[in-house]
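These notes are about the structure you will find just below.
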Amino acid sequence: MRIEMKNISKAFNGNPVLKNAQFMIETGEVHALMGENGAGKSTLMKILTGVYKKDGGTITIDGQEHTFKNAKEAEEYGIAFIHQELNILSNLTVAENMFLGKELMYGKTGILRTRQMNAIAQQQLAELGLHVKGAMLAGELSVGQQQIIEIAKALMTNASVIIMDEPTAALTDREIETLFTVINKLRKEGVSFVYISHRMEEIFSICDTITILRDGEYVGKRSIPETSFDEVVSMMVGRSIGERYPERNSQVGDVIFEIRNGTKKGKFENVSFQVRKGEILGVAGLMGACRTDIMKAIFGYEPLDSGQIFINGQEVKIDSPIDAIRQRIAFITEDRKSEGLVLDFSIRENLALPNLESLSKGSVLSDELEQQFTADMMKLLNVKASSGEQAVKSLSGGNQQKVVIAKWLGIHPQLLILDEPTRGVDVGAKKEIYSIMNKLTEQGDAVIMVSSELPEVLGMSDRVLVIHEGKVGGILEKDEASQESIMALATGGE
C-alpha cells in the first residue's frame, strides 16, 4: 500500500496545528515521523485514520483519493493505529482482546466459538514469535507482549500499514529486540510501518526513511543511510542545539544524602549509596530491577521497612512524601500523567500544589503570589503555552514534563530525584531538561536520575549506580562507566 498526504492543513479553535504538511510511505517501508512535541505528528496520523477531519489537502492511497470518516473505516481498509497507551483490556483473555468486536459465534445463537478463537489467536501470535495461550488473561502479560498482541490484532484485519506511536517507551531492551524482529519479518511481507518516536538510536536502527515536521509544517524527508543525528535534530528544531549533552561544570562537594541498608520486603534489600552536593548520580538497571521502588521509598511513597536515611549527616525519618518535602527532597515520577500532574487542572493550579504554604499570606492562598510564581516558572523552564490558565492535558509531552519539574523547583530542593525524566520528550526539550539539572548542581544541589536510556546515563552522570534484582550491583565512576560495564552489572556480572 502506497500512501501520499499532500498539503494537509488543520486548525483547532482557529489555532493552526498543521500547515501544508506532507507525508508519503511506500509498501514494505518502515518510515519514521519525527518532530518536537507539538509538531503535529499525531494529528497528521489521526487525519489519515479518520479520527480528525482535515481542513485542506489530499490523501491518496495507491493513486486513488481517499478520506476516512472514522478509525474503524480506516482499519477496514488496512490502516491500523497502535497508540502509546495500548488498547488492551487486562481483564479479558488474549483471544478475547484479539477478537473484540469481531467475535466468532455459532450462527446467530450468540454463543462464542471460544476454543476456535483461542486456537487462532495462539497461532497468530506464534507466527510473530510470541508463544502464549489464547485463554491467558492479557493483564498477566508484559507491556512488550501486549504490544505484539496489538500488532496481531491489526494483522487480523489485514492491515497493510501499521502506525506505532512511541512503541518502545515502556519496553525492556529484550522486548525492543523482539519488536524489531517482528517489524523486520512483516516488512519483508509488504507491511509498512509509520514509526513515531524521539529515540534516535532506534530510528537509525529500524527505519528506512525519516519525515520531519516542525510547527505543523513539512521540513523534509531523508533516507537513513544518507543523513545523520545532527542533521535530523537541526531539521526538527530549526537550529543546531550543539552537543547532545551539555557540559558539566559543577563542583562536587560533601555528602548531601545517604541511604544505609535500605530494605523493602519483596522488592529490594540492603541498598546503600551516597549522593554529594553538585553531583548527578545516574541510576541504571534492567526493567524490574526495582529502581523506581527505591526512589519511592526515599521519597516516602512506600517507606522503608528497615534501613537508615541521612541528610547532611543527620539521620532523618521519611515515612511520607510530606516528610521528604520538609527535607527539601523532590521526586519527579516516571508516570507524569497519572502521578505527576492533575491533567484537568491548569498550569497555575498544578504549580501551586506542592507550594501552597509559600504561596499563601497567612492561611489564604495569594492570587498575586500564585500568578507571579507561575509566570516565573514558565519563563525559567520555557514552558510553551497560551497562558498559565491553559489545562496541562492540552500541552505537549515535553511541556507537561517541564510543568512537573517546575512545581517541584518551588520547594528549592536540595535533592531532586528524576525518574525517566525525558521519556516521550523531544530532543529540544531533553536539552532544556539537562540544562535545568546542570543549573541545580552548579548551585550545590544534588540530582538522582533514573533512566533506561544508557546514552543519557553516560552523558549526564558523574557516577552511575547500577541496580540488579533489588540490590546494588555496583557503583561506577565516570571514567569506568560504559554501556558494557553497566550492562554487566545490571545482569548480575562484575
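The backbone N, Cα and C atoms fix where each Cβ goes, and this holds for glycine too.
The domain 'ABC transporter 1' feature in Swiss-Prot is assigned to 3-240. According to Swiss-Prot, the ATP binding site annotation covers GLY35, GLU36, ASN37, GLY38, ALA39, GLY40, LYS41, SER42, on the basis of sequence analysis. Per Swiss-Prot, the feature domain 'ABC transporter 2' maps to 250-494; the stated evidence is sequence analysis.
Long-range Cβ neighbours of ALA39 (ATP binding site) (same chain, at least 6 residues apart, Cβ-Cβ under 8 Å): LEU213, ARG214, ASP215, GLY216, MET236, ASP426. The ATP site, placed at the center of the C-beta atoms of GLY35, GLU36, ASN37, GLY38, ALA39, GLY40, LYS41, SER42, has further neighbours from the same chain whose C-beta lies within 8 angstroms: THR43, LEU213, GLY216, SER396, ASP426. Cβ neighbour count for GLY38 (ATP binding site): 21 (other Cβ atoms within 10 Å of its Cβ, all protein chains included). Counting Cβ atoms from all protein chains shown, LYS41 (ATP binding site) has 26 others lying within 10 Å of its own Cβ. For GLY40 (ATP binding site), the Cβ neighbour count at a 10 Å cut-off comes to 25, with all displayed protein chains included.
Using a 10 Å Cβ-Cβ cutoff, GLU36 (ATP binding site) registers 25 neighbours. Around the Cβ of GLY35 (ATP binding site), the number of neighbouring Cβ atoms within 10 Å comes to 27. Cβ contacts within 10 Å of ASN37 (ATP binding site), excluding its own Cβ and spanning all protein chains shown: 21. When Cβ atoms from all protein chains are considered, those within 10 Å of SER42 (ATP binding site) total 23, not counting its own.
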